[in-house]
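Step one of this worksheet: look at the structure below.
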Amino acid sequence: MAELTKKQKEIVALRGENISINANAGAGKTFTLIERITALLAAGTPAGKILAVTFTDKAAQELKTKLTAQAREKDLPYWEIESAYIGTFHSLCGRILRENCFQAGLPPNFETLPEIPAELLLEETIENCLEEKLASGSTALDKLLEAYSRQDLAECCVKILAALRAYGLPAEKLRAKSAAQIQAKILEINDRYLQQIYAKIQELCRALSGRPVSEKFAEMRAAVSKLGAKKYSLENLRAIGENIDLRSGGKDAADDKAKLKAIKQFYANNSDFIYFDEAKEAYFAELTVCLSELLAEIQAAYKRRKIRKNQLDFDDLQERALQLLESHAELAKHYQDFFAAALVDEFQDTNEVQDKLLALLAGTRKLCVVGDWKQSIYLFRYADLRLFQKYRERYAKGGGYNMDLQENFRSAKEIVDFANAFCAPLFAADPDTPDYEPLIFGNTEELRKLQGRVDIAFAPVPEKADSSTVDEYSAAEKARQIEAAYIARQIQELQKARPFSDQNKCALLLPYFSHINIFTEALDAAGLKYVLESGGNYYSQGEVVDTLNFLSALNNPADDFRLAAALRSEMANLSDQALFLLTRGKNKKQPLYDLLNHFDPKTLAGADAEKLKKFLAVYRELRGLIGKLPVSKILQLTLEKTFFINNALSHRENAERKLANLNKLLDISKGFDDRSLQYFISYIQKLQEKESREEEADLSDNSSVRIMTIHKAKGLEFENVFVADLYRHRTALRLAKIIFHKDLYKDSQTQTEPGIPLALSSAADRDAPEADNISLAYAHAKRKQEQLELEESRRLFYVAITRAKEKLFLTSACRPEKDAELTEECLQTRNIGLWLRYFCVKQPQIRHGAAVIESIEAQPLHKSAQTILKPPALDFTESAPAAEPHYKLNVLPATLAAYLLADSRKFILDYFHGFTMDEHLTPKNNSLDMQKIGTAVHRIIAAGSSAQLELPDNFTAAEKDYLQQCLANYAKSALPDLLQKNEHFHEVSLDYLLDGVRFNGVADLIVKTTDGWEIYDFKTSRTPTPENAAQYKNQLSIYAAILRQLLPGQKIKGFVFYLHAGQTSTPVELNENVLTGCLREIQKINAVERDKV
């Protein structure tokens, strides 16, 4: 989009007024912001007097880069852009504090504490506080520890303090109320809510028909109606639900029974608020006071530790800058006069502290905020989209201008139409949500050329799964596997039609990464390249998890879970049976490591005993080096001494990715060489918890499928988008045991604070129903949070579908047998897949041209020939020695298959005692180096012309003559013509793993013909005799068997081309059982050799 639209021109030109810009997805808001700033520069505004706030550091840098390029192009002072106040709120606050450090009471050289080290410092402070209070005999802490475990209490303190700081509330403010005041306030809030419930039930009661029914049912109906007509009281409310009985009535009462059932369900949904125990509320109020005091003490101690270290965390930057400007009015006035313009992007993602800062910095009639409430998806960061709405409302009353950018310049018309048709009724399902502003198709020439497409596909959950957790889980997994396979097939088709590139990107977006492995396995099975763009998933890669588990067990031998995981991994390769035998009869309190130190080798099979012995030797050696060597050296020794890198390389299909990920972990660890191993492990665990911020090692080019969470995709666009795993099989909201909720702290009706400082549940009685373990405050906090999460899930879906430029695929599990039960009520669950199913089944007009597959059929996945026959080149020649003992044969080159099957005894001598197969394969010829000639022939044929390769000087005349004869015979054969007409592949690496044995080899030539596939093996030193034909039969059979596994259902023929003789064999009779035959012989050999050892 090179030209400004009329609306964008108005925004760029407007001066001296506040502006609120509501920008739809794909509306070009960044482009408009850049043009507005450029216009300011062109009008003579110094760059240093422009304040521009972005949500991320990356966005700030991109804005600077684009502004610099624009200023260069328009011959403006681009070198001044660096002096502009462009950055995140945190970076700008840091700059303001450094510019005014003395007034802020800070040393000029204060340090900014990164996010994760700050959390680790806070956790350490919490532990120290708990220790001190336990030592002093604190009765308040004793009460808390009766209700919560120490770990739960510490984790809740971290989360509550984070929420308080996001809202700019010091923990000290929570102390303002007594237990009696807290209890009275929650009963007041609950009473107001019960009045709303009663009004709703009265409305439902008035809808009862009164038509003739059985006497018993009529009496019950009359009693309910009478109660519903009375004035609200808690007794009346409880009586209504207790009087409803649906067991009588018959067919004539069907309509009223449905209405009464709705009343009863509504009643049940609100039972936590209707039935409560005041004594229990008094107990929770007392706990709240104890916890409020503890939080205030922890926050004060944490602040003292940062002061001693001369450090501020990210929240401090905002808090101290706000305090500075609030307490120094002249300084706030200075910045208001200094800044000629203030612009804020992604304003829907801001919080209250940032809003206050902006008001103090920007002053009046110079603020431009840009946002889109439909794209507010950072509730977990305490973003408050109501702030953006507040500006819109204020400016509507005359405080500024509200502008709208509704045209979408990203997506094809089919996608725009679908988004509007689907999202309008979806957002309308929430009465408090603003009206949906429809996208308007950009209608540019480029957009009109797009071949828009929207597909919706459902994978059925198997019907016969019973209600047990295991079966339900397995059924859900099966549906996801069908869904993932469908996606992989669609991606194959897209890539075949038009390879992915800069101009044709493809993304797979998931709401969460809980089941990412199912989708990556499907892409692997289809031979599709992909890169995981989500941070947390780098640390969930198998090889990274295994390594970190080993390091955790190394650091803490008492961590049974990590130690057992390390033993099962390729660090030790211990079998599940061995772990069972080792731990059988184990005392629950006895550490696993203690058992291992005293294990009886006779307990385990020979192989497992040997593996465990080696593992323990390495473990003890490395544990003794903790504190003596830096973290990176311990990690390096771990990978070397456990042969873990070599084991990673043995997985040929994923070897490159695994090796890169391990190398990346090594690089990361070098940044912790001045820290302890414990600190490194804790830091990485924090990253894993946050799903943050490290991407998987990027080995891809633009031909890869990008896999990421929807959150990660915000602000990006792709030609092809798959949004998957949309069905949530469990939609219950998981909350911490203690919650701080802003809408309870600041009573939304009376606007008084503090209202309810904290909302508590208790885990003291784990067998009691949830209702017995939660306070009224917790029930209200949960209700409010569930509604916020529901509304955000709608916005998350909107963000996902508006990433697509040309093709959009939506996939979800479904339960077709329950289609008849679908009603509008399903829109009140956080289940996007269920929304899709409801609209497709019950309101098909909302599909708006989307193609719908009601039930995906399960089909096997096959890799494309191009993927299989052109694998990434890997060099294994410099790998470390195999981790397995030498006596175990686990790799069989195809060239040796003939020897194994013909004479296994001779094969053993060659393999284990140093006789090389080449002595038997190559005839003695003192005048010719047949290996050199063979290599040259293969390279020339693969190159396609003898002119493309000059012969080395070390070729003798005889060798050149021999080579020329081979090439002449090849040129006269039918092969060159066959290759010209058909797709073909030279020097194809074939690899297949069967029962622990890897069969591999390199096929000289594979040709795809109209009749199937042909494999050619070139021989430069042999003649076409029956003996040679028999010898090469097994080699070609292995090639064919591997190819048949990779390309099932294909017809495959094998040929030997004797180049010097100029003859091609007739099709070789392939042995279809060659792999199993070789496997039997190898198992015999391994058993014999193991017994010898």
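Including glycine, each Cβ sits where the backbone N, Cα and C put it.
So that you can see what the record holds, here are the features copied from TrEMBL:
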- Ala23, Asn24, Ala25, Gly26, Ala27, Gly28, Lys29, Thr30: ATP binding site (BINDING)
- 2-412: domain 'UvrD-like helicase ATP-binding' (DOMAIN)
- 430-715: domain 'UvrD-like helicase C-terminal' (DOMAIN)
What is the one among the binding-site residues Asn24, Thr30 whose Cβ has the most other Cβ atoms less than or equal to 10 Å away?
Asn24
Within the domain 'UvrD-like helicase C-terminal' (430-715), what mean pLDDT does the predicted structure show?
82
Where does Thr30 (ATP binding site) sit in the DSSP three-state scheme?
helix
Compute the mean position of the Cβ atoms of Ala23, Asn24, Ala25, Gly26, Ala27, Gly28, Lys29, Thr30, which form the recorded ATP site, and then list in sequence order the other residues of that chain whose Cβ is within 8 Å of it.
Thr32, Asp372, Leu405, Asn408, Phe409, Arg410
Relative to the Cβ of Ala25 (ATP binding site), which residues of the same chain, six or more apart in sequence, are found under 8 Å away?
Asp372, Lys374, Gln375, Asn408, Arg410, Leu439, Tyr798, Val799, Thr802
In DSSP terms, helix, strand or coil for Ala23 (ATP binding site)?
strand
Looking at Cβ-Cβ distances, which residues of the chain lie under 8 angstroms from Ala27 (ATP binding site) while being 6 or more apart from it?
Leu405, Gln406, Glu407, Asn408, Phe409
What is the total of other Cβ atoms whose distance to the Cβ of Ala23 (ATP binding site) is within 10 Å?
25
